[in-house]
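As structure tokens, the structure follows; a few thoughts come after it.
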Amino acid sequence: MEDLHQNEKDSFKLPAAFFFLLLLFNMFTLTEEPVKELALLTVDATYMLAIFALGFLAAGRMHFPRQFKLFYLGMLSLAVLYVLMFIFSPAAHDREILSTILLVLSFLLAVVQMPWKNTQLDIFAYMSAGLILLILVHWLIDGLQMVQFQGLIRNPTIMGSMLAALMIFPIARFKAAHLSGKIMLGAAIGSGVLLIYASSTRAVLLLLIIMAGSRVVLHLSKNLFSKLFYLVLAFNLIFTLIYGSLSRVSFLEKFNEWSLNTFNKSLFSGRQNIWDKAIAHGADNPLFGHEIGILPKDFIEGTHYVHSHNQYLQIFLESGLVGLASFIVLLFGIWTVLMKGLDLPIARWAACYFLGLLFYETVDMSLFHYQFSVGLLQWLIIGAALSTVMYTTYLRKNDQETPKNL
């Protein structure tokens, strides 16, 4: 634990900046060639860096406090289940998807084990703010497009998801910033909201609403806030099960018309055409699922959908109820740790963002599939918050002063 005794001025600013720049460049996997190919290489470099960091940390000492037991249990059980599924039936599974899931888990573990300093979190905040402002300039030059803005990204939904993730570090570090920093971070936060609205991404707008609403709830009652995790997951389950039926309810046609007029999108985006069939297909093998990397075309003839648009449903299809249970244990483990650090700005805002992200993963996928470059940034937010809680708890137990604004 000797690293904990370092003064913040000794924090590795340059490596932190390089690491975050790598994550930002990974976003170009979602744009055009030849930049896309180069970005795919930086994604591989990110994974290798995470493996190297784990090796470096293991050579010293890795920390597994009791308060993290559910988090590590969920992570380990999910990884072991997917590996065993592949071992017993290698021909039936997608090696690349399996590798991605294991590498993402390794990345998360490395981020959690790193003792992040305030100066490093500030670097993440200002680099995020800088990128948001650059996207704003692009939006202004592009003619102030207010519908389905996507910038250099091929998909407005992915643009919105990326912007939401980029806003978290600026929000978390806003209060600790000096006046000039507050101006820059505040401008980036406001610009992020505007650009997300311009992207017409309803799911991300709802993510922001949930995040803001949960922050209000936390201000009013910490006890009530702690229950929101269960409420959001229960809503996700019910929403997934009944969404297909809702599309057949006549009085919702007016809401559908409003959505078309407001967002230029139907209220029923077509997910009802996937989810009902996906649930039925998953029920054919409910315990252990069908195959890693399963796609809608594998159970819906002639479909044009490239993924299930639901992270929970995708895991259920791949690994059944056992895999879904492991995933929920991982999510619950994250939540229990964040609840122990709500006095820390990064943990507080990460918890609010996490609630919004839980909903977002009901209508799209980023944590392990599809938008994996955005997912790495999302995992960094969560992992940095968990790490801060872990190391701050250690400092407090050893009667050491917690750095200001940590």
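Cβ from N, Cα, C; glycine included.
Here TrEMBL flags 12-31 (among others) as transmembrane segment.
Residues annotated as transmembrane segment in TrEMBL: 37-58 (among others).
The transmembrane segment annotation in TrEMBL covers 70-91 (among others).
Long-range contacts of the transmembrane segment (97-116) within the same chain: residues 3-4, 46-47, 50-51, 53-54, 57, 62-63, 68, 71, 75, 78-79, 82-83, 86, 292-293, 367-369, 372, 375-376, 379-380, 382-384, 386-388, 390-391, each at least 6 residues beyond the stretch ends and with a Cβ under 8 Å from a Cβ of the stretch. Residues or ranges marked as transmembrane segment by TrEMBL: 97-116 (among others).
Counting residues 6+ beyond its ends, the transmembrane segment (123-141) has Cβ neighbours under 8 Å at 13, 16-17, 20-21, 24, 149, 151-152, 163, 166-170, 172-174, 177, 181, 184-185, 187-189, 191-192, 194-195, 198, 380, 384 in the same chain. As annotated by TrEMBL, transmembrane segment applies to 123-141 (among others).
Taken from TrEMBL, the feature transmembrane segment applies to 153-172 (among others).
Taken from TrEMBL, the feature domain 'O-antigen ligase-related' applies to 192-328.
Sequence-distant contacts of the transmembrane segment (228-246) (same chain, six or more residues past either end, CB-CB distance under 8 Å): 210, 214, 217, 252, 268, 271-272, 275-276, 279, 310, 312-313, 328, 331-332, 335, 355, 358-359, 361-362. As annotated by TrEMBL, transmembrane segment applies to 228-246 (among others).
Annotated transmembrane segment per TrEMBL: 315-338 (among others), in sequence order.
Sequence annotations record features per position, and here TrEMBL assigns transmembrane segment to 350-370 (among others).
Under the heading transmembrane segment, TrEMBL lists 376-395 (among others). Sequence-distant contacts of the transmembrane segment (376-395), counting only residues of its own chain at least 6 positions beyond either end whose CB sits under 8 Å from a CB of the stretch, comprise 1, 4, 23-24, 26, 43, 46, 63, 65, 67-68, 71, 104, 107-108, 110-116, 121, 124, 162, 165-166, 168-169, 334, 337-338, 340-341, 344, 346-347, 350-351, 353-354, 357, 366-367, 401-402, 406.
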Query raised in the report: Can you tell me how the residues of the domain 'O-antigen ligase-related' (192-328) break down into helix, strand and coil by DSSP?
Result: 97 helix, 0 strand, 40 coil
Query - Contact between the transmembrane segment (12-31) and the transmembrane segment (153-172) (at least 3 Cβ pairs under 8 Å, separation 6+) - result: yes
Report summary line: Over the domain 'O-antigen ligase-related' (192-328) the mean pLDDT stands at 86
